[in-house]
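Asker: Have a look at this one before I ask anything.
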Amino acid sequence: MEGQDEVSAREQHFHSQVRESTICFLLFAILYIVSYFIITRYKRKSDEQEDEDAIVNRISLFLSTFTLAVSAGAVLLLPFSIISNEILLSFPQNYYIQWLNGSLIHGLWNLASLFSNLCLFVLMPFAFFFLESEGFAGLKKTKVKGENHLEEGYEKGIRARILETLVMLILLALLILGIVWVASALIDNDAASMESLYDLWEFYLPYLYSCISLMGCLLLLLCTPVGLSRMFTVMGQLLVKPTILEDLDEQIYIITLEEEALQRRLNGLSSSVEHNITELEQELDNVKTLKTKLERRKKASAWERNLVYPAVMVLLLIETSISVLLVACNILCLLIDETAMPKGTRGPGIGNASLSAFGFVGAALEIILIFYLMVSSVVGFYSLRFFGNFIPKKDDTTMTKIIGNCVSILVLSSALPVMSRTLALTWPPLFIQGPQLSGMQAVPGRV
């Protein structure tokens, strides 16, 4: 009987592992497909010719898509964990949701940690150096087969570019290891600290990822206030504003006359005056854009102009006020009560206690605030002057910019759970360990 029970337990464990692996694969496949369509929407359209540069761009595209999918998964994990906890509390004995358990949630967090480290330290540096590589001079001689004949010449071979990329990655890793080694020797020159650097997998990489998560939190603290103030302007540009004391027909008539005048001036100029032609074309494009916006406002229905716009603005004001109020209350609690500091202890477990005093409604509010915080941080990130050139443009974004955007979003998404908990935008207690919230493995003595 004991042997049968052991076999049955092994079978149940095997089926559980297969089920969890299948769910993780399906979820990641969905995120990968969505990320692929997002990147291809902004990626610059290149020639269809099958050359080495096209192959390199395609490989970099796949790696960037993988990174963006991991970033999306890191953003969605905390809301998914919150709503899973509330569902298990509401339907504890339901057969159809038995697959939703703590093992699946923790497995997803561990995969997010693993893939985040893999993308940040391996895939994205490889994609960047691979895209910028030209191959070593002695390894670039390859045969290129044309459509009708063979040509011989020196081309940038794929193997030469891969070798150059690997050499660059090894040199970069040695540089980072050397910098950390020197910094550790200057700051904390004891035997335990130096021995910990030899433990690359258990200490060095998690600690390095913790530092990057810290930089991500600082970047979030910088971007989020800017994004909160910019959200009203961005939504005002996307939505149709109410027409109060405005005559749209008259404005469209005036802008049409201006467009026709610019078109006549452009047709009357000779091709030799290139400078004036360029200025007139730019001005004509601006006029056409303004005319398109006015026509969209005219075609919009009354409820869209007079109901949707005020409702969205009021909703943004409420969400911003709640976020600021929660942060202010948490800061006061941290100043008054030292025990309110976030700690890396394990919570009561998934499905055992609600994360909010208001139950499912409070959990829904937490999820809305988390998404609002992430969207605001992204808007604030692109609103900063230093990162303004990172803004992707439809069908006109280079692969280098796409890689930079994917890395930036990955850093922001990895720091979002930590910041959400630290600023009390989600109410404790959480059932995930503190270090896991940042997508990293636990580091002894550090949270």
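Cβ from N, Cα, C; glycine included.
Grabbed the feature section from TrEMBL, which reads as follows:
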COILED    270-300  coiled coil
TRANSMEM  20-39  transmembrane segment
TRANSMEM  59-83  transmembrane segment
TRANSMEM  103-131  transmembrane segment
TRANSMEM  166-187  transmembrane segment
TRANSMEM  207-228  transmembrane segment
TRANSMEM  307-337  transmembrane segment
TRANSMEM  357-382  transmembrane segment
TRANSMEM  402-420  transmembrane segment
Asker: Other than its close neighbours in sequence, what residues sit by the transmembrane segment (357-382), given a CB gap under 8 Å and a spacing of at least six beyond its ends?
Answerer: 75, 78-79, 82-83, 85-86, 90, 219-220, 222-228, 230-231, 234, 319, 322-323, 326, 388, 390-391, 408-409, 412-413, 416, 419-420, 425-427
Asker: Which one, 59-83, 103-131, 166-187, has the most C-beta pairs under 8 Å toward the transmembrane segment (402-420)?
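Answerer: By the under-8 Å Cβ criterion, the transmembrane segment (402-420) pairs most with 59-83.
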Asker: How about the transmembrane segment (20-39) with the transmembrane segment (103-131) - do they touch, taking at least 3 C-beta pairs under 8 Å (6 or more apart in sequence) as contact?
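Answerer: Answer yes, regions in contact.
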Asker: Report the mean pLDDT of the predicted model across the coiled coil (270-300), rounded to a whole number.
Answerer: 72
Asker: For the transmembrane segment (59-83), find every same-chain residue at least 6 residues outside the stretch whose CB is under 8 Å from a CB in it, and list them.
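Answerer: Residues packing against the transmembrane segment (59-83) from afar: 27-28, 31-32, 34-36, 38-40, 43, 105, 108-109, 112, 115-116, 119, 123-124, 126-127, 130-131, 350, 355, 363, 366-367, 370-371, 374, 399, 402-403, 406-407, 409-410, 412-414, 416-417, 420, 426, 431-432, 437, 439.
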